[in-house]
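Visitor: Mind having a look at this structure? Questions to follow.
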Amino acid sequence: MSYYLVQSTDEDILKHAECGGAVTAFFKYLLDKKLVDGVLALKKGEDVYDGLPYLVNDSKELVETCGSLHCAPTMFGNMISKHLKDMNLAVSVKPCDAMAIVELEKRHQIDKDKLYTIGLNCGGTVPPQTAKKMIELFYDVDPEDVIKEEIDKGKFIIELKDGSEKSVKIDELEEEGYGRRTNCQRCELKVPRNSDLACGNWGTEKGWTFVEVGSEKGEELLKNAQKEGYINVKAPSEKALEIRGKIEKSMINLGKKFQKEQLDEKYPEPEKWDEYWSRCIKCYGCRDVCPICFCKECALGEDYLDKGTIPPDPIMFQGIRLSHMSFSCINCGQCEDVCPVEIPLAKIYHRAQLKIRETTGFVPGIDDSMPFLYK
């Protein structure tokens, strides 16, 4: 692996970026040189809790995508496979986005040769409504007064309209049931090395982006962007590498701790799951939002049910989904996010996947091989 500190040479990008603007600079280079048809990224909607997927065709609009949006837990994998698969794209990806793209490529739903994946180091995301309640309770401010947020050094930091900042330790927030989504708490993949380039601020100097190269395609992109004057590049110090490694290791260990707590020590008893399944209204939200569930025709779909009959029994519906998808679950948490009756679906899928991993060694989104059931 190769490591670099990267900084955009564009003053407008530097003005809007959080740490060097490398991600936006890579996107600008790709668009300007017509190496891609568009860039898929997030931009802020009405406020910091509203992250909108944005397809950019003009590099002048890229500054609208600068900065982090930790309260917008969206997924790009199924967006690409369902709506943009014929385009040459550059896309910003969290680790779970990158994992979804890997799994979809194996199933011929995405052609990765058409993609440049620019990874973003990720410590987790916060549901927008949870974020608003959390800010009201723990920061004692109106959530509408927040103009910017970031996660840094174990704290959730907000900036207000008057220019002031407030911060609270994430540990304290999560002890009270707030903070990051529970699937993010359990996540072990913090640096998306399964993307072409992995970018972040861990271990970096102020005003620079720490970039780890994940592929030959990524190395070529970085070198060409430097050659064309879009970025400044220098080598990170040994201390920077050490700091980054320590942060990543600490985050991974924390994820394993939450796995033990949520999927073992405090995992719901069978009776509780009976209660959860009885809530299911068969809305198909979990199926439709899952980035790995790609079947064009679903045996459980409404079109395949006799008219006048009730939809599948909840246990049958969820059981078939579990047997079909658990071996490839990437722990993105989307199924749990959209469930209108608050069934903790991500817990059972993630737990099942970890059991499969113990038995087979297969890690979805990381291994190049197909899941064992496909062999």
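Every residue, even glycine, has its Cβ placed from backbone N, Cα and C.
A quick note: this is a predicted structure, and the numbers were derived from the prediction, not measured.
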Visitor: Out of CYS290, CYS293, CYS295, which is the one Swiss-Prot records at the [4Fe-4S] cluster 2 site of CYS329, CYS332, CYS335?
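Guide: Looking through CYS290, CYS293, CYS295, the residue Swiss-Prot assigns to the [4Fe-4S] cluster 2 site is CYS290.
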Visitor: CYS280, CYS283, CYS286 bind [4Fe-4S] cluster 1 in Swiss-Prot, but which of CYS199, CYS339 does that record place at the same site?
Guide: CYS339
Visitor: Among CYS286, CYS329, all listed as binding-site residues, which has the most CB atoms within 10 Å of its CB?
Guide: CYS329
Visitor: How many neighbouring Cβ atoms, not counting its own, are there within 10 Å of the Cβ of CYS332 ([4Fe-4S] cluster 2 binding site)?
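Guide: A 10 Å sphere around the Cβ of CYS332 ([4Fe-4S] cluster 2 binding site) contains 30 other Cβ atoms.
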Visitor: Measure from the Cβ of CYS290 ([4Fe-4S] cluster 2 binding site) and count the other Cβ atoms within 10 Å, all protein chains considered.
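Guide: Taking every protein chain into account, the count is 25.
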Visitor: If we count other C-beta atoms within 10 Å, could you say which of the binding-site residues CYS280, CYS283, CYS339 has the fewest?
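Guide: Minimum Cβ neighbour count within 10 Å, taken over the binding-site residues CYS280, CYS283, CYS339, occurs at CYS283.
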Visitor: Which whole-number value in Å describes the distance between the Cα atoms of CYS286 ([4Fe-4S] cluster 1 binding site) and CYS335 ([4Fe-4S] cluster 2 binding site)?
Guide: 4
